[in-house]
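Student: Right, I'll just put the structure down here and ask away after.
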Amino acid sequence: MKNLYFIVFFFHTTICNDSENRLFENLFSSYSKLIRPIKDSNNTIDILFKMKLNQIIDVNEREQIIKVFGWLYHQWHDYRLEWDPKEYGGTEMLHIPGELIWLPDIILYNNAGGTPWVRTITKIDLYYNGTIIWEPPFIYDSVCPINTKWFPYDEQRCGFKFGSWSYSSLEVDIFHPEKQKMVLGYEDYKTVWYIENAIDIDEFQESIEWDVVEITGLKHKVKYPCCEKYWIDITYYINIRRKKLFYTINLMMPCIVLASTSSFVFYIPCESNLKIQYCISIFVSLTIFYLLLVEIIPPTSTYISLIGKYLLFTMFMVAFSIFFTVIVLNIHYRKEQMPTFLRELFINILGKRILIFRVSEEVKLHKKERYSHKLPSLSALRVLEKHFKKSQATKVKYDEKKKNNLMIINKLFEGITKSVIVDEKEPVESEDHLEIVDTSYFDRRLKIIGDNIQFIAKSLRQARKIEEIGEDWRFVAMVIDRILLAVFFIIILIATLIACFSAPSLRDHREPLNNPFTSMYTKYQE
């Protein structure tokens, strides 16, 4: 029984192979692949053409090239390759090498690298009615003008322009299998048709960086300046939207953190001497970050990217913070007398408005020490002043007493000799003189001490006054710091919100046009 099955199978296979061989020999015995498959040379051969996208391999923003992989669907009719299946054992379709038949020379016009033709000539499907279907794979590098205005929240529109390189519209006409709608009527140089569902994405594999949000196609019938004939092309447009997570975490968040920390320089105390160093560190970090960004985005002068604008804004804010920090430090270390209007403005008005106050108890104690309390040095000075007055009064009293005594002695002892008067007078003068001398020496010493104490008290008053002036300037510097902190924080917050929500793609809620089977598989894996 097994042998019988084997004999039947072998006999059937032999008959089929013999039929296909005979059919192949009959079809290609006089076939020429150099001639268009038309009966009349004035006729046009119609080509059904469609792009099937499988994968977006890469989008090189710097080189402005998109690299894709997929298949190109071709379908046309060749009257020379028709047969009756009944005459060839019911054979209705053959797989024939593409090199044996005429192929349309449809190429990628905006090719950016490699050959614009199909690199791999695969086999074709030939049907008995002369219909030919050819789906060669392709990997194309296409020119894609990159608009970096909203980078990294950008949306790009890349085009793939396909057309015949050798045949004009009078020889080869290209159609899309889907419905075409004319959007621009016949003119002297151009006619345009709009194509719905232009690209087949049934086999599309979701990209890790881009979402395909829209696919359109346009058929053009164009007359170029070089030629009198019209030429047909079909241009497919792919709108791709960049996925936000990667660049938000690795690009935007560091920029936002650097921008926000630049305002905290005004919260650092001036006494720490780290304000300028802090600003310079942020400025250097932003400069390095900006150089890294330049390596990513294309060197175009048409637009400044969103992240570039934000980094540039942050660098200007850091530069302004350095400028204002220098001014604040200059105010902090001033020693001259403060103008009245500045004192009134910053201490009594702005300080209270931003809720910065001097501690009232310290101020009262400070004033009480200045005007009410008697300092020990001042008390000693007043004691010395009283003693000086008493010493001077005592000296005057001794002088008057001496004078009166001399007058009485002169009246009583007018007859006594001068020597006696002198003898009686010397002890009295010696005693008074010693007392006066002792008193004068003590007074001079106390006067020197009093002068020193007065100098010390004056120096204390001057130091207290200078300290008070310095405290006023330091308070003004602190008020300016707090005002600048609030102003810079508000400006940076507004700029950050604008940078994060101004991009149109952030308000684009269209679902990506991914392969439904791939999406289901991804969800199943999650």
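Every residue, even glycine, has its Cβ placed from backbone N, Cα and C.
Okay, so TrEMBL annotates it like this:
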DOMAIN    20-243  domain 'Neurotransmitter-gated ion-channel ligand-binding'
DOMAIN    251-498  domain 'Neurotransmitter-gated ion-channel transmembrane'
TRANSMEM  245-266  transmembrane segment
TRANSMEM  278-298  transmembrane segment
TRANSMEM  310-333  transmembrane segment
TRANSMEM  483-506  transmembrane segment
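Would you situate these features in the structure and describe their surroundings?
Tutor: The list of residues near the transmembrane segment (483-506) in space but at least 6 beyond its ends in sequence, with Cβ under 8 angstroms from a Cβ of it, reads 150, 153-155, 241-242, 244, 252, 256, 259-260, 262-264, 266-267, 306-307, 309-310, 313-314, 317, 320-321, 324, 328, 350, 354.
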Student: Using Cβ atoms and a strict cutoff of less than 8 Å, what residues sit near the transmembrane segment (278-298) while being 6 or more residues removed from its termini?
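Tutor: For the transmembrane segment (278-298), the nonlocal Cβ contacts are 61-64, 146, 148, 151, 251, 254-255, 258, 261-262, 265, 268, 305, 307-308, 311-312, 314-315, 318-319, 321-322, 325.
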Student: For the transmembrane segment (310-333), what are the same-chain contacts with Cβ under 8 Å, counting residues 6+ beyond its ends?
Tutor: 255, 258-259, 262-263, 265-266, 270, 275-276, 279-280, 282-283, 286-287, 289-290, 293, 304, 473-474, 476-477, 480-481, 484, 488, 491-492, 495-496, 499
Student: Considering every residue in the domain 'Neurotransmitter-gated ion-channel ligand-binding' (20-243), what is the mean pLDDT value?
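Tutor: Mean pLDDT across the domain 'Neurotransmitter-gated ion-channel ligand-binding' (20-243) comes out at 91.
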